[in-house]
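The Fe cation binding site annotation in Swiss-Prot covers Asn6 and rests on sequence analysis. What Swiss-Prot lists as heme binding site is His76. Here Swiss-Prot flags 2-94 as domain 'ABM'. Residues or ranges marked as site 'Transition state stabilizer' by Swiss-Prot on the basis of sequence analysis: Trp66.
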Amino acid sequence: MFVVTNRITVKKGFAEKMAPRFTKGGKIEALQGFHKIEVWKVTRDHENEDMYVNTWWETEKDFEAWTKSDAFKEAHQNRDKTSSESSPVISSEIVKATVLSTLN
């Protein structure tokens, strides 16, 4: 199992507003190797909020295929559009990991 986490720091009050954007569904569910998406709000003591958008894939190759797909482009096409409001996103970092052990 391969997990990709997008660690996103947003302005306070925006994590819960933004979370549904990542789990509204779309073409990603039909892609080979896709398992699920979870969005976590990370508890920290500072002025911003941290979200971890976690996607589970069968293999890293499956994830890489997603990033090169038309479905990926469609899912990300509106995020760079200019609006009258400034973006609530302060920073983001992608972390890739292979699951080595699990207890259910």
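Just so it is clear, glycine is given a Cβ too, placed from its N, Cα and C backbone atoms.
In the predicted model, residues of the domain 'ABM' (2-94) average a pLDDT of 89. Each of the binding-site residues Asn6, His76 was ranked by the number of other C-beta atoms within 10 Å, and first place falls to Asn6. Looking at the residue listed as 'Fe cation binding site' and the residue listed as 'heme binding site', their Cα atoms lie 14 Å from each other. Using a 10 Å radius centred on the Cβ of Trp66 (site 'Transition state stabilizer') and all shown protein chains, the other Cβ atoms total 20. Counting residues of the domain 'ABM' (2-94) by DSSP class, helix then strand then coil, yields 28 helix, 35 strand, 30 coil.
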